[in-house]
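Taken verbatim from TrEMBL:
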ACT_SITE  Cys2  active site, nucleophile
ACT_SITE  Lys593  active site, for Fru-6P isomerization activity
DOMAIN    2-216  domain 'Glutamine amidotransferase type-2'
DOMAIN    279-418  domain 'SIS'
DOMAIN    447-588  domain 'SIS'
Amino acid sequence: MCGIVGYIGNKEALPFLINGLKKLEYRGYDSAGFCIQHDGKLSVVKRKGKVKELENASKSLKITGHMGIAHTRWATHGAPNEANAHPHLDCKGAIAIVHNGIIENYGALKEMLKKEGHRFFSETDTEVLAHLIEKFKGKNLESAVAMALKLVEGTFGLLVIDKTSQEIIAAKKGSPLLLGIGSQEIIIASDASAIAGHTKKVVYLNDSEMAIISSNNYVVKNVNGKVVEKKIHDMEMTVQQIEKRGFKHFMAKEIFEQPLAIENTLRGRIGDGRIKLSIDVDVKKVKRIIITACGTSWHSALIGKYLIEKIIGIQVEVDYASEFRYRNPIIKKGDLVVAISQSGETADTLAALKEAKQKGAKTLGVVNVVGSTVAREVDFGIYLHAGPEIGVASTKAFTCQVTALLLFALYLQQQKGVLDKKILEELKKIPAKIEEILKESKNIRILAQKFKASKNFLYLGRGLNFPVALEGALKLKEISYIHAEGYPAAEMKHGPIALIDEHMPVVFIAPKDDTYQKIISNMQEIKARGGTVIAIINENEPYIAALTNHVIKVPKTLDILSPLLNVIPLQLLAYHIADLKGLNVDKPRNLAKSVTVE
Ligand code: F6R
């Protein structure tokens, strides 16, 4: 969840570190710091708050040096303050470390180190690593880091420097790290966005690998100290993709990018009326599909269940990754486990994937970030190609995940010889239909103005649009801090209806599909109890006006594709409410973009 960047090369390190941290800030943003080595000294600067504070502090200090490490933090151990911000140092201030992940046995290690006379300055688990490395610092930094890591239980992506060595040591286990290979310089980062614009050549570290990096060379070793040959990959990400391009927030940009993002998910995969995916899944061998994910990705998994069961008739189970991994799941021959993750680094999803692999399941990833850990761990993958998603609240990844799941369902249909070309043809029209809905943004902002002071919201939908209700509620609560719940509309009468009064706005997702009449009855129940109804509809029946306070009309499409349209007004409503409340839309409190801790 934190962001890490390191630089070693023939230029000044500080601008690289600050720019890298700005790119990574979406991953964690309660404090930041850097350490630069120069003239046999380490200069450390840390600040609570945003990277901007750190940048301002560094301006007057005139720190020079050609190698350094930096970090933006999302607190796990200890409050977000300067003492707990990274980098952390050993007792003598001779070793500096930045770390992403969690050292699970840090309590025991800290006790041991204290008894040996080490002095601690923070409440973090990371500081333990600095002292452990100090404990083993004999001849060189590389062996000290390797020895220290042997004692560590937990996860880490880390960078270490000391006062004198002309190298950065990087190590990874359960937390991403990649090297950007430039000419006479190497940038190391937890996320490609800190490397984009500097070089396209990247090397991904795998778990239990360690890299010894100098300005024009790097050596990667495995846990036994053996040199590992690494492939250099071409990075897809460009600088333009990670800029706001005139939008006030990344979230707004990403909402408006959805037509293009979906086109990119479809590109090259639906030509000449056939589905082309680079996966090798045999529909005859798949008896059951288990989809595992977290948060918004879990909502797209629920839609995946509805649509795969509906159009292929293969049984699908959906599990929160965090639950799947701990309940000793039953995996049988013929099970395919699908992991959905925008970042490809979510700790719970990765652990669920490992559990599934250990039990012998075939695995498929639906992932956005190219080269991410989920993408590398699965047997086959479908990349979203949605481009970087920077806003913490997931938007374009969601619609692209649903699109990718549809492609997968159609791919299975095609193998059975029953490809439904109507779905394929309509899928191509979805980007233009989303453009239509985006034109409603101004009107949705007017609606948002009316509801920004609400304390609670309910979102109701049925069938494929029940997960859309969940997603609408999640978007609202995470960025506007308004309490919101999503329910299958029919569940209202089993309890939540007790909450309805004139202060309760209820958002209905009510396209004209086979659940329409039922949802109209549910609307009547809410109206009769004084609730305020906002309805997302695709047909304006004469009686709708009497049942609703506000309607947002979306274009018609096939029932099976309707979540792709219905979610857009909900994203916009959440966005405008949060923005009108003056909140930090892209970086909501307590959240981080990729949740790499349990
Ligand atoms: C909500 C949101 C989170 C993520 C969840 C999984 O807007 O972004 O709920 O969906 O943390 O993240 P990924 O998809 O990266 O595994």
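Quick reminder: no glycine exception, Cβ is built from N, Cα and C everywhere.
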The rounded CA-CA distance in Å from the residue listed as 'active site, for Fru-6P isomerization activity' to the residue listed as 'active site, nucleophile' is 9
Averaged over the domain 'SIS' (279-418), the pLDDT of the predicted model comes to 95
Around the Cβ of the residue listed as 'active site, for Fru-6P isomerization activity', other Cβ atoms found within 10 Å total 26
Around the Cβ of Cys2 (active site, nucleophile), other Cβ atoms found within 10 Å total 29
Checked against DSSP, the composition of the domain 'SIS' (447-588) is 72 helix, 28 strand, 42 coil
